[in-house]
Amino acid sequence: MQASQLHRGQHMSKRLCYQPLQGVDAFCVSQFQTLGRQLYTNAGNERAQFNLQDISDRYCTLESSSGSHGYATRSSTSTVTFSSNGSPSDQHNSPDNTYGSPVSGSCITDDISDFRHKLLELETVMLGPDSDIIDSFDSFYQEGTENSEVGSWGQVMDAITKGNLKKILIACAKAVSDNDALMAQWLMDELRKMVSVRGEPMQRLGAYMLEGLVARSAFSGSSIYKSLRCKEPASMELLSYMHVLYDVCPYFKFGYMSANGAIAEAMKDEDRVHIIDFQISQGTQWITLIQAFAGRPGGPPHIRITGIDDPASAHARGGGLDIVGMRLSKLAKLFNVPFEFHSAAISGCDVQKKDLGIRRGEALAVNFAFMLHHMPDESVSTENHRDRLLRLVKGLSPKVVTLVEQESNTNTAAFFPRFIETLDYYNAMFESIDVTLPRQHKERINIEQHCLAREVVNILACEGAERVERHELLGKWRLRFSMAGFTPYPLSSLVNATIKTLLDNYSNRYRLEEKEGALYLGWMDRDLVASCAWK
């Protein structure tokens, strides 16, 4: 009798909770897609039918006290939702659950957590410490694990007992990576008790990384649910969040100042200057450069800026690129700088030479600030727009090309090492925000949720063309520029000194380092942004 119960318990455990997780390209935050009126998923021999509006109402997650914006997950066994006090909750489908996720078709109980808990209790009583489940956990962390943070079952239990959030996040990511649904779901339950959008930096980042893990795991069989668009902040709200982030952290200022310094140096003797900005956004970068050219000995040059930007960015601006053009034109007129603006509302993947408005007699500068990592490379598409753009620009014979990118390696890395890299990089980012804005500051929550969480979830939950956050280290960018025919253009010492002065206004834990003709801005011992120039 006991052997029969044991066999049945083990069989049910594996059958219900070890379903393979397939179709990793789900939950893509940066490329929302419209679905049809109904979504279908196969669960065994049953066919479940969901109404689109019902799913849209249910699946908005990452709620903060500021509004209803969130990210969608599909067919998950549970979803992470944050209450008004910032604490996460695990919700299931019920009449009182507005944002809960329907239970996955891979389980036959509406309360999988309770079922799993009872099953583990039963196995513990019957088998003690030698159960197959515990053995599988031990072998799971001992086989092929190179990261020292992930250890045996005993080490995982020790991390939970001590409340070591970082180790539990890593253990959960390893379980997701290896499609161990039981282990992943159990650790997600533990993580929900520990993360908070109002907590310490690791707790806040952990909330968004947990959302990415849930999203990546949210599949049943071969059905793949595309993300649903939840309510976004109004354009002026998003713009204000971006401006606050620009003010409280020096990353953007560092990038813009270093790029502008290289352009000003290269164009110091030119009368007509054409600048092509491949992601102009709000045009903030060019305010200081126009002012600098206005004070140039001998008078300012004629400046023409071609602003390229994906039409989707119009939401943040509250309108098209003409808004940027009018703003910069007014500024240039104020400083008596001859100025023209040419807009190209087009994705970088679609840019051709004819879109750039090249004219004879103009010295050309090209700016790639926080843009190239969004371009798919050879690992995503045979078109390889990342290298195609560099070859296109080289063919224009520019005097200088500036590159500013996040110093992170998430492009071609497999999911688990990508998770480790993302955790390390964004933890430094969240720590740096923590020293500037109080933890209860409403704007801090909005900044992290609307400006950073999107990137985190996209990196963790998406694959293929839908994963658009694909950062590379500067060493790889050097290789790409060299293969396209560029040579380094050293940044001037004056630029370095100016940026050092800028950092005096921020925490002394920021550091500036010059290596091999490039500038690196870091937080403590972690490089975060790299800047260099080419010709």
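Placed from the backbone N, Cα and C atoms, the Cβ positions cover glycine too.
Not measured: the values here are computed from a predicted model.
Features as listed in TrEMBL:
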- 73-87: compositional bias 'Low complexity' (COMPBIAS)
- 88-103: compositional bias 'Polar residues' (COMPBIAS)
- 163-223: region 'Leucine repeat I (LRI)' (REGION)
- 242-307: region 'VHIID' (REGION)
- 323-355: region 'Leucine repeat II (LRII)' (REGION)
- 461-535: region 'SAW' (REGION)
- 273-277: motif 'VHIID' (MOTIF)
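It is 242-307 that, among the stretches 163-223, 242-307, 461-535, forms the most Cβ pairs under 8 Å with the region 'Leucine repeat II (LRII)' (323-355). Among residues of the same chain six or more beyond the motif 'VHIID' (273-277), those with a C-beta under 8 A of the stretch's C-beta atoms are 263, 267, 285-286, 293, 301-308, 356-359, 362-367, 369, 393. Sorting the motif 'VHIID' (273-277) by DSSP state (H, G, I as helix; E, B as strand; all else coil) yields 0 helix, 5 strand, 0 coil. Sorting each residue of the region 'Leucine repeat I (LRI)' (163-223) by its DSSP state yields 42 helix, 2 strand, 17 coil.
Per-residue pLDDT, averaged along the region 'VHIID' (242-307), amounts to 93 for this model. DSSP places the residues of the region 'Leucine repeat II (LRII)' (323-355) in helix, strand and coil in these numbers: 18 helix, 6 strand, 9 coil.
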